[in-house]
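Trainee: Quick one: structure below, then a few questions.
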C-alpha cells in the first residue's frame, strides 16, 4: 500500500537520522566532559546502562517464566506491577525535588489504579490463564531463540540511545535544546522498540496461525525474512497507531466508568468518546498484525478485516474482555518500575541530582524491554483467536473459547 511504502521510508529515515544525531551527541558529550565539570559521565552513564542490562536479562527471564508457568505469571504480574510502581513512587518522593514529587505522585496514583483494576478483573483470571496456556502450549520452533535475539538487539539499541541522551545532557545552558533533543531520541526509542516487538509479533503469529488453521509447519526464519522485507511499512504504521488507539480507548472506557451517568453533558461526551474509540479500533488493533503476516495486507485493511471476522463469529465481547493485553502491559510496567528502582537507588547514592531524570529514562527502557520480550506469547494468543474466529469447527481448538462464550451468554441473560 502507499501508506506502507511511505512509513517504510520514514522508519528507515528515522533510524538513519537518529544514528547520526546520537553519534554526534556522544562525541560532543565525551569531548565536553574533559573540559568542563558541568556533566559527569562516570556518575550519569553506569546506573542507566546497568538498568538497561537488567531490563534485558529480567525481561527475557520473565517470558521464560511465562512460557513455563503461565498461570502463575498472570497472577504475579497483577500483583508485582502495583507493588513495584508504589515502590518507585516512594523513591521519587524521597528524592525530594519538585519534578520528582510530581512523578512520584503520578506513580503512586498509577499503583492505586493498577491495584483496583486487578481486583475488578480478578474473576477473569481463570479464563486468562487457560487461553494463555492453550495458546502457547505448542509455540513455533525456536520462539525462545528469536525472543533472545530481539531482546539482545533491544538492549544494544537502548544502550546506544543512552549514549546520545547523555551527550544531549552535557550541553550547558541550553535547556530547551537539550529537552528537544532528548524528546526526539525518546520518541525514536518508542517507535523502534514497538517496531521490533511487532516484527516478532507478525512473524510468530503467522507461523502459529498457519499451524492452527491448516496444520502447516512453517519455518520461522522464512516468516521473519518475509516480514522484514515486505511488511516493514505496515509494521511501522501499526507501531504508531496501536499504542495511540489503545491509549484513547482506555481513556474512553475510564471516562465511561467514572462519569457515564453524571449529567446529560457528561453522557454526551462519553458517548462521543466511545463512538470514536469503537471506530478507531476497527482501523488499528493488534489483532490485525496476524493478517499482515499471513495475507500481506496493509495494516489498516488487516485490522478492519480481522475485526469484521470477530464480529461475524460473535467474539467481539470476548476480545474486549481479554486480559492478555493487560497482562503484557502490567509486565511492562513492572519491568519499567524495576529498572527505575535499580538506576534511581544507584543515582541517589552516588549523585542525587541525576536521580530523577535517570530513573525516568530507566523506566521507559525497562517498559519497552519487557514488552519486547513478551511479544511472542501475545502473538500466539492473537493467532489463536483469529484462527478460531475463521474456523471454529477445527479440531485444533479445545473447548476453552466455546465454554467462555456460554458463560458470557449466561451472565447477560
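Glycine is treated like the rest: Cβ placed from N, Cα and C.
Copying in the features that TrEMBL gives for the protein in this structure:
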type: TRANSMEM; residues: 12-32; note: transmembrane segment
type: TRANSMEM; residues: 44-65; note: transmembrane segment
type: TRANSMEM; residues: 77-95; note: transmembrane segment
type: TRANSMEM; residues: 101-125; note: transmembrane segment
type: TRANSMEM; residues: 146-171; note: transmembrane segment
type: TRANSMEM; residues: 177-196; note: transmembrane segment
type: TRANSMEM; residues: 327-348; note: transmembrane segment
type: TRANSMEM; residues: 354-370; note: transmembrane segment
Trainee: Are there residues at least six beyond either end of the transmembrane segment (177-196) with Cβ under 8 Å to its Cβ atoms? List them, or say none.
Mentor: 11, 14-15, 18, 21-22, 25, 150, 153-154, 157-158, 161, 164-165, 168-169, 171, 235-236, 239-240, 242-243, 361, 364-365, 368-369, 371-372
Trainee: Counting Cβ pairs under 8 Å that sit 6 or more residues apart, are there three or more between the transmembrane segment (12-32) and the transmembrane segment (146-171)?
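Mentor: Since 3 or more Cβ pairs under 8 Å link them, the transmembrane segment (12-32) and the transmembrane segment (146-171) do come into contact.
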Trainee: Given a Cβ distance threshold of under 8 angstroms, which distant residues of the chain, six or more beyond its ends, lie next to the transmembrane segment (146-171)?
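Mentor: Distal contacts: 18, 21-30, 32-33, 38-39, 41, 44-45, 48-49, 52-53, 55-56, 59-60, 63, 177-178, 181-182, 185-186, 188-189, 192-193, 196-197, 199-200, 203-204, 220, 224, 357, 361, 365, 368-369, 372-373, 375-376.
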Trainee: Would you kindly list the residues that approach the transmembrane segment (77-95) from elsewhere in its chain, counting only those six or more residues past its ends and only Cβ-Cβ distances under 8 Å?
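Mentor: Residues 101, 103-108, 110-112, 114-115, 118, 121-122, 125, 327, 330-331, 333-334, 337-338, 340-341, 344-345, 348, 352, 355-356, 359, 363 contact the transmembrane segment (77-95) from elsewhere in the chain.
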